[in-house]
């Protein structure tokens with residue numbers, strides 16, 4: 001005969017049943033809570049976490065906003081630079097959620113090959129032809145931003161330089177049909193910012209839920225509108241060019257709309273998405289270098305003397321070359337100052353992102369499992385054994401390096417080195433660095449010859465830290481006044 005079950009036993013059994021059913025949910029929730037807390041720590045202190053990790057080991061794990069990664073010391077840069085088992089494209093796609101609708105503009109594949117090939121074979125080779133048009137755009141854009149007032153007045157370099165870079169880049173990327181269109185310029189600037197914001201918003205969600213969440217997050221939905229707006233603005237330009245070239249097959253345009261078509265050679269691609277990807281990859285990083293260099297120069301104790309040296313270099317070089325490519329090569333003090341600013345404040349303390357497509361064994365016998373995401377630390381740029389007095393801004397540092405070396409390219413802004421990873425290393429290094437270097441030098445020529453500049457009263461610029469990223473102080477202010485340039489630019 002069965003004994004009746006007591007109320008206490010029933011409750012205990014029910015509770016046990018509930019626990020069994022809910023335990024996977026509770027485990028998942030507790031796990032995600034732990035991950036969420038780690039992500040919050042990274043967002044606030046990612047910079048310090050990398051430095052702390054390197055003090056303990058040359059290889060360590062780091063929970064980032066977009067999940068776990070392995071960080072390597074700078075000494076590993078050479079051995080992973082071109083390792084075929086480590087994928088750059090897979091890493092980029094993962095970081096930017098390219099598998100999710102709305103982020104598919106960042107999907108790697110044949111279109112990305114077209115983009116990379118265009119930058120290397122067309123943009124870089126056309127820099128000499130682009131210098132004069134870029135200078136013209138700089139004159140047209142700088143004047144309304146900084147004015148012709150001979151009195152000291154305040155400007156915000158963060159917003160004004162960003163707009164100037166967007167204008168110059170668009171002149172080379174999309175031609176004069178859209179490069180002066182305020183809506184297009186605003187779109188190219190805002191698309192980058194909002195893409196990062198949307199990607200970061202998704203990063204806080206569990207990976208499996210992200211495709212669903214992206215359908216409702218306002219920041220993600222905004223990306224669809226950018227793509228549609230860009231499509232609406234570009235379609236008339238593309239159609240007009242098709243009609244013009246149908247009438248005159250020899251008609252050509254010196255910009256990436258034309259160059260993408262030539263490079264593709266029949267391969268499928270979306271010209272609108274390629275333009276957005278190009279803007280995403282170039283405008284903000286180039287502007288950040290210009291802004292940081294100006295802030296560093298103005299903060300230098302010997303700024304007056306340094307400014308005279310820079311101006312003399314620009315004037316003598318311009319009188320010899322005009323707006324021709326050799327001019328840029330002769331601006332050696334400027335080149336050194338730019339590279340020093342990039343050394344002191346890179347855009348991130350880590351770089352060279354990769355995903356292991358198969359297990360990889362490092363030189364110290366560490367095994368990197370398949371599927372692992374890797375980053376390489378940039379901290380060699382602050383190593384006193386490599387750069388004496390590394391925390392001091394020395395605008396002549398790389399000029400001395402060039403003068404002391406038998407290799408003329410040593411220490412140039414665009415040169416690559418495992419001790420200076422701002423542009424990466426190896427075949428996957430930034431292909432647009434030559435164009436970016438030309439842009440920033442053209443802009444600095446105009447600014448230094450046309451304006452007296454100094455930091456606004458009380459302004460002490462300090463880079464903004466966000467995770468492992470470093471951004472030139474967006475709150476910094478300058479005082480500027482128009483001066484008469486010694487040569488007509």
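Placed from the backbone N, Cα and C atoms, the Cβ positions cover glycine too.
Listed in Swiss-Prot:
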type     : residues : note
TRANSMEM : 10-30    : transmembrane segment
CARBOHYD : 364      : N-linked glycosylation site
CARBOHYD : 407      : N-linked glycosylation site
BINDING  : 430      : heme binding site
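The distance from the Cα of residue 364 (N-linked glycosylation site) to the Cα of the residue listed as 'heme binding site' comes to 28 Å.
Recorded residues residue 430 (heme binding site) and residue 407 (N-linked glycosylation site) have their alpha carbons 21 Å apart, per Cα-Cα distance. There are 18 other CB atoms within 10 A of the CB of the residue listed as 'heme binding site', with all protein chains counted. Within 10 Å of the C-beta of residue 364 (N-linked glycosylation site) there are 12 other C-beta atoms, taking all protein chains into account. Cβ neighbours within 10 Å of residue 407 (N-linked glycosylation site), excluding its own Cβ and spanning all shown chains: 10.
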